[in-house]
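Peer 1: Sharing the feature lines straight out of TrEMBL:
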type: TRANSMEM; residues: 7-23; note: transmembrane segment
type: TRANSMEM; residues: 64-88; note: transmembrane segment
type: TRANSMEM; residues: 95-119; note: transmembrane segment
type: TRANSMEM; residues: 125-142; note: transmembrane segment
type: TRANSMEM; residues: 149-166; note: transmembrane segment
type: TRANSMEM; residues: 172-196; note: transmembrane segment
type: TRANSMEM; residues: 203-224; note: transmembrane segment
type: TRANSMEM; residues: 276-294; note: transmembrane segment
type: TRANSMEM; residues: 301-318; note: transmembrane segment
type: TRANSMEM; residues: 324-343; note: transmembrane segment
type: TRANSMEM; residues: 350-369; note: transmembrane segment
Amino acid sequence: MHPAQSAILLGAVLVLHVVHAPFTKVEESFSLQAVHDILTYGIAPESIAAYDHIAFPGAVPRSFLGPLLLAGLTAPLLGASKALGIVLDASQVQLAVRIVLALATWAALIFFCTCVFPRHALAQRYFYLLCAAQFHLTFWTGRTTPNGIAFPLAVAALGAIVGHRGTYAGLVLLVVTASTLRFEIFGLCIPAYLWVWRSGKRFAVVFWTGLFSIGLGALLSLGVDSYFWRHVDKIRVPHLGAWVWPEISAMQFNVVDGHASNWGTMPWHTYLVHDIPRMLTGTLPLFLVGLIYPVRAFPRAAILCMALFPVGLLSILSHKEWRFILYSVPLLNCVSAVGAVGCHASMHRIVPLACIAAAFACSLLFSHVSALNYPGGAALHMLHRAVPEGGVSVHVDTLAAMTGVTRFQSIHMHRPSRSLVPQTEPEWVYDKREDLGYDDDAWREYTHIITEHANCNVTSRALFTPIAEALGYSGAQRKPWHTYKQHLLTLHTHRSFASVRDALLPVH
């Protein structure tokens with residue numbers, strides 16, 4: 001397979017993950033809602049009051065720089081589709097936003113790969129295949145978590161630094177991304193700056209580049225985010241002052257004040273013994289070979305240092321999430337690609353391809369299971385199909401809002417005529433208020449509800465009866481061998497991708 005074909009496969013996998021699991025969860029909510037509001041209401045001062053974060057600000061402020069960038073990339077596509085007469089509903093615009101993010105990740109990975117392996121086609125091919133086979137990389141980089149938006153910027157910056165293609169521009173981009181979008185990226189900045197200095201650049205130039213980058217990031221974040229957060233009630237959000245630097249506020253809230261531990265604590269070795277092997281599922285043997293296989297003009301030590309230094313740094317903190325170290329995976333995949341080249345040369349290509357095939361199989365299973373984790377979005381989609389008339393007022397409970405219900409998915413929501421996000425007639429009212437009690441008379445205002453409570457038992461009055469049920473993932477059970485064998489033997493009779501996928505999976 002030519003490197004270009006492998007790269008196309010990687011892009012297809014990234015987009016397919018978005019299409020296969022179109023709904024989102026609470027981790028993605030702020031950025032996605034912000035993109036919706038920017039595209040719908042614009043960024044004029046009088047428009048900010050209609051934004052979602054005014055009513056639901058969250059525990060700490062988040063940066064609008066990522067959503068602004070993503071909205072800016074998506075807006076021309078929406079304008080072009082409108083000019084061409086292509087009719088989209090709001091949920092399809094959400095899909096378009098996430099596909100744009102996935103394609104940005106794809107472009108960043110291609111740039112990174114060509115920087116690290118400029119004249120090594122076989123290593124490029126294996127790098128793309130490794131990335132395409134890894135579930136965590138391909139599934140989550142098309143999702144609008146702050147980490148997901150920062151990922152393509154960080155990867156592009158690392159490519160420029162490692163490949164000496166605009167080294168100083170890469171250093172600036174890496175620090176600006178860290179200071180505005182995700183503070184943990186500073187764990188990458190430290191070894192990257194040290195490596196550039198050790199590569200022969202003058203210390204003074206490297207130092208002042210870092211200082212300039214921090215200043216630029218601070219100016220961007222303070223200017224942009226203070227503008228968007230100035231209308232939020234300061235009492236409701238800790239560390240929210242007249243000037244807002246979200247990443248500093250988040251670090252103070254989570255690290256200094258220790259609130260991150262409320263989400264769970266893990267041993268110091270969690271990243272090394274659990275998360276990295278899980279993210280490299282099936283391809284870990286190739287990584288181990290890549291540690292020792294000799295390749296000319298490959299900065300193995302520098303790449304390993306950049307990949308593992310942030311892992312060690314973040315291991316100090318008691319709260320750990322694998323998303324915090326996702327930026328290290330492309331670096332580790334470079335080493336794995338070298339290992340695949342070594343196996344290809346000294347053994348047979350079947351060895352690296354078998355590892356990659358195993359990773360693809362695991363990714364297929366994880367993708368199938370993960371797509372079942374969005375019952376809120378599925379329930380709203382069912383409601384839209386079941387109730388075509390107008391005059392509908394829907395209450396969305398907390399679980400539904402956390403598992404798929406977004407402003408994009410609220411296709412009948414009122415939107416101004418200037419909105420780039422279309423409104424589907426008839427108009428509905430969607431409400432996410434969280435202060436309703438069991439005996440509250442306000443329940444009478446709603447014609448429909450989306451709730452986690454069985455039999456719609458949310459009020460003492462019998463106001464609601466179930467019309468549909470959306471199921472979520474509760475666990476997997478291994479198929480008995482005779483059942484699985486029968487599914488494989490009758491595989492040729494299946495006519496749809498979903499039925500073939502279900503037949504191939506060893507669990508149900």
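Using N, Cα and C of the backbone, Cβ positions are placed for all residues, glycine too.
Can you tell me where each of these features sits in this structure?
Peer 2: For the transmembrane segment (7-23), same-chain residues at least 6 beyond its ends with a Cβ under 8 Å from one of its own Cβ atoms are 1, 91, 94-95, 98-99, 102-103, 105-106, 109-110, 113, 124, 128-129, 131-132, 138-139, 141-142, 367, 370-371, 374, 376-378, 403-404, 409.
Residues of the same chain lying 6 or more positions beyond the ends of the transmembrane segment (95-119) and with a Cβ under 8 Å from any Cβ of it are 7, 10-11, 14-15, 17-19, 22, 24, 32, 35, 70-71, 73-74, 77-78, 88, 127-128, 131, 141-144, 148-149, 151-153, 155-156, 158-160, 162-163, 165, 298, 303, 330, 334, 337, 408.
With a cut-off of 8 Å between Cβ atoms, the residues of this chain six or more beyond the transmembrane segment (149-166) that come close are 31, 66-67, 69-70, 101, 104-105, 107-109, 111-116, 118, 141, 173-174, 177-178, 181-182, 185, 188, 192, 195-196, 199, 299, 302-303, 306, 326-327, 330-331.
Outside the transmembrane segment (301-318) by six or more residues, the chain places 116, 158, 162, 184-185, 187-188, 190-192, 195, 255, 260-261, 265-266, 268-272, 276, 291, 324-325, 327-328, 331-332, 334-335 with a CB less than 8 A from a CB of the stretch.
If one looks beyond the transmembrane segment (324-343) by at least 6 residues along the same chain, the residues whose Cβ comes under 8 Å of a Cβ in the stretch are 109, 112, 116-117, 120, 122-124, 126-127, 130-131, 134, 136-137, 140-141, 147, 150-151, 154-155, 158, 184-185, 188, 271, 275-276, 279-280, 283, 285-291, 293, 295, 298, 300, 303-304, 306-308, 310-311, 314, 349, 351-352, 355-356.
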Peer 1: Is it true that the transmembrane segment (125-142) and the transmembrane segment (276-294) have 3 or more Cβ pairs under 8 Å, skipping pairs fewer than 6 apart in sequence?
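Peer 2: Contact between the transmembrane segment (125-142) and the transmembrane segment (276-294): present.
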Peer 1: With Cβ-Cβ distances below 8 Å as the criterion, list the same-chain residues six or more beyond the ends of the transmembrane segment (276-294) that contact it, or say none.
Peer 2: 126, 130, 133-137, 300, 304, 311, 322, 325-326, 328-329, 332-343, 352, 355-363
